[in-house]
Amino acid sequence: MKHLIFTTALISLSSPIWADTIAVTAPVTAATLYSQGATLTRHATFNAPAGTHELLITNLPDSVDPSSMRVSLEGATLGAITLRNARTLPNVVEDSPELTAAKAARDAARDALRTTEDAKADALLAAEAAKARLAYLASLKAPTDAAPSPETLLATLTLISEQTLATQKDIASIERDARRFEQEIEDRTEDLQKAQQVVAALTPSLGDNVMLAIAISTSEATTGTLTLNHLIEDATWEPTYDVQLTTGDTPMLALKRGAFIGQSSGEDWRDVAITLSTSRPDAQTEPQALWPTLRRIAPKQEPLAYATDSRALKSAAAMAEPVLMEEFAGTIDFGDGINASYSYATPVTLTSDTEALRIELGTLNLTPTLYAHANPLYDDTAFMVAETTNISEEIILPSEYSNFYLNGTFIGQQGMPLIAQGDTAEFSFGTINGLRLSDVVNTRVTGDTGVITTRNEQSETRTLTVENLTGRDWDLRMIGRVPYSEQEDLVVSYTADIPPEEENYQDQRGILMWRHALKAEKSFSVRLSHTLQWPSDMELH
């Protein structure tokens, strides 16, 4: 429908009587890809005599967004523009040299197969003739006008027998000789199938096309250039990384950056200049509105009484006042909050629908700080972690999947967060099997305390241990946990025989972190206790 409205609007601008039409193709020469969609740039050259003409761009896929089309012209005056969805000229794409050679190889393979099949058929013609002779011999009968003499009958039978045997030998010999073509036919057939596969791989994608009609005029014969920019939805790119950690005296963290790009526009892109943009035209492009929030007060409601089994139970709290929701409730996706562009230096060829092409974007070398991360409450071993700061002048874009390597050995896949300039990030590189973790609950007690006023109490003591069975020292960071409360009546306290270096680690309440220089063949233990107290008429959740 949007195509129809766009066409009608443009046609109404001008209705000249065309002197002639000039059909040209405008291949994609540059593409700026977003997380979803792309801006394509096309160029076409044309020769036009003096006068008014209609310039026809015949190779546009039907995925183009007509509202985004922008046309500029050099060498002639630009007039009305019309996008045609029907009565379009065929999109004729000239074969590339590679496709021309592939088609020639396919035709040669087909001819070779036919030659071999014809040779086999020629050989079997003699067998068919021999079979006809054999059928004739089988149909011979003795004369019926007079009884043959024994000598005549014997001679006849001998002749038939000898001729039948000779004919059968001829047939067997011919068929054996023809079987030598079977392997050759099989090989020729395989050659043809491979040649056809190459042709199919090199044949451009030709989906449904639309046609752009552009009115131009010139006072004299000219050679002009047309530039067309427009949007498509069916293209995308996403970053990917190979994160390589090298340990040793001077650890090094290398981020080998790349990008996967793909498109399903209905046409192939050949030798196109690629730019990758972090802009997200399909996402939120303007700020959300902030609506006033109305709050009200009202007289307290009397507690409501409920009767059950002749005993009255009064409600402990008044009914809650309904909340007036006026503020917009929705999900806001800020993405990475930046717009950056990466231009790829080498032109790219990308077919429609069939490829996810990876291109390389260079390597960032960072200096990491290595430590062993231990979580005895859940893990049996510690993990190797590299902490680093992005001191480069570039932003490290987020990626859903990145490949992690430790000293050249593949560790696994993880996500990559957005790391701006100056940001610090941590990456895990798998288990350290020689750092064994244990979590032992020493005591756990629940009961009442107090004489006049009783309170419930629960206490627990556990020991967190890291044992170093490796032959090297480690910078150890061990985490533990104690409960926390947001209620006055629920009182939480804890003790540790070794005070933690950091409470509320990484802004998580109740998470404790100890840092320790763990020597080879040594262990590190923390005895951690906590106590919870709450009124006796309440229960713990």
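If you go along the chain as it appears here, the first residue is 1 and each next one adds 1.
Just so it is clear, glycine is given a Cβ too, placed from its N, Cα and C backbone atoms.
Predicted automatically and left uncurated, TrEMBL annotations should be read as such.
Looking at 171-198, 255-282, 423-450, the range annotated in TrEMBL as coiled coil turns out to be 171-198.
Mean pLDDT for the coiled coil (171-198) in the predicted structure: 82. For the domain 'DUF4140' (31-137), residue counts in helix, strand and coil come to 44 helix, 38 strand, 25 coil, using DSSP.
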